[in-house]
Amino acid sequence: MATEEKKPETEASKTQSTPSSSNNQSKPAPVKPNYTLKFTLAGHTKAVSSVKFSPNGEWLASSSADKLIKIWGAYDGKFEKTISGHKLGISDVAWSSDSNLLVSASDDKTLKIWDVSSGKCLKTLKGHSNYVFCCNFNPQSNLIVSGSFDESVRIWDVKTGKCLKTLPAHSDPVSAVHFNRDGSLIVSSSYDGLCRIWDTASGQCLKTLIDDDNPPVSFVKFSPNGKYILAATLDNTLKLWDYSKGKCLKTYTCHKNEKYCIFANFSVTGGKWIVSGSEDNLVYIWNLQTKEVVQKLQGHTDVVISTACHPTENIIASAALENDKTIKLWKSDC
């Protein structure tokens, strides 16, 4: 169920987007976004674990400790369907590039590939010996990568559901896995304090990113252009790395993250922002370049575990843990 936030329209907001201003391609980057709450999506009965917008921008998928996946309208928050089949809670969900398939990672030690339109399970991926915590499709969507509490990263064939490679990736649970833009590389992160870059084809480790300190790495992903890596560590820090140089370029702080694996994002539809949830129940938005906190979104009543940025519009989805159980959709003019 989506509840809509109604706000009186001010004169200022009416006059902001004149045709001349929106068509002017050389306008300077916005200083700050103005995200406001539009919808609250209720339906999950336990903590929400992950939210992801479909690549075509139409849908939002959510996963939860309640063992369910739910699909919602990306623009209006309207509940579409529930997809069920896992025996235990789900930690992550991800879309195929054509927005037709989902993959989910569960505590039941399996991943499942789902046909979204029918809600049917097409394949169950078995092989991990402990909770599966994270998953993603490659851009071609013929492969899936997964990370588990069994400390391994696995690469799966989508068509057959067979495991193609098992990478002895880490010495602690794997917190995140992500393909780069052409699918040639995988990045993984772990509680062992390491981020590793893998060659998809050979399964070889090409690089290990190590900082002076090595707090658990709770999340990692490639930037949209594939040149950088955004990594979260459980010392209240997000870092932007140039991975080819193995160099940390930017550090983002002020949020709280010491316990949970909280997703972070690049927001590129308007200004260039970094977006993350936080253990103080807020969504934080930083200016990517200046590293300053430009907005904090208030409304959740528990840890904001997951955020997602819409592929084409200035829309953020956020999701929170057990004391909240809701998903919120926020929109901005820039």
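Any Cβ shown, glycine's included, is placed from N, Cα and C.
According to Swiss-Prot, the region 'Disordered' annotation covers 1-32.
Among the features that Swiss-Prot reports, compositional bias 'Basic and acidic residues' is placed at 1-12.
For the repeat 'WD 1' (43-82), the mean pLDDT of the prediction comes to 99. As annotated by Swiss-Prot, repeat 'WD 1' applies to 43-82.
What Swiss-Prot lists as repeat 'WD 2' is 85-126. Sequence-remote contacts of a segment are chain residues at least 6 beyond its ends whose Cβ falls under 8 Å from one of its Cβ atoms, and for the repeat 'WD 2' (85-126) they are 46, 49-50, 52-56, 58-59, 61-69, 71, 132-137, 139-141, 144, 146-148, 154, 156, 158, 160-161, 163.
Under the heading repeat 'WD 3', Swiss-Prot lists 128-168. Counting same-chain residues at least six beyond the ends of the repeat 'WD 3' (128-168), those with a Cβ under 8 angstroms from any Cβ of the stretch are 91-98, 101, 103-107, 109-111, 113, 122, 174-179, 181-183, 186, 188, 190, 198, 200, 203, 205, 261.
As annotated by Swiss-Prot, repeat 'WD 4' applies to 169-208. Note: the repeat 'WD 4' (169-208) comprises 0 helix, 21 strand, 19 coil (DSSP; helix = H, G, I, strand = E, B).
Annotated repeat 'WD 5' per Swiss-Prot: 212-253, in sequence order. Residues 172, 175-176, 178-182, 185, 187-195, 197, 259-266, 268, 274, 276, 284, 286, 288-289, 291 of the same chain, all 6+ positions outside the repeat 'WD 5' (212-253), place their C-beta atoms under 8 angstroms from a C-beta of that stretch.
Summarising the annotation, Swiss-Prot assigns repeat 'WD 6' to 256-296. Residues 29-35, 50, 133, 175-176, 218-219, 221, 223-224, 230, 232-238, 240, 250, 302-314, 316, 318-321, 324, 330, 332-334 of the same chain lie 6 or more positions beyond the ends of the repeat 'WD 6' (256-296) yet place their CB under 8 Å from a CB of it.
Proximity of distant same-chain residues to the repeat 'WD 7' (299-333), defined by a Cβ-Cβ separation under 8 Å and at least 6 residues beyond the stretch ends, is recorded for 2, 13, 16-17, 33-42, 44-53, 55-57, 60, 62, 64-65, 72, 74-75, 77, 260-270, 275-279, 281-283. The repeat 'WD 7' annotation in Swiss-Prot covers 299-333.
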Quiz item: For the repeat 'WD 4' (169-208), what are the same-chain contacts with Cβ under 8 Å, counting residues 6+ beyond its ends?
Solution: 130-131, 133-140, 143, 145-149, 151-153, 155, 214-222, 224-226, 229, 231, 233, 241, 243, 246, 261
Self-check item: Three-state composition of the repeat 'WD 3' (128-168), taking helix and strand from DSSP
Solution: 0 helix, 22 strand, 19 coil
Quiz prompt | Residue distribution over DSSP helix, strand and coil in the repeat 'WD 7' (299-333) | solution = 0 helix, 17 strand, 18 coil
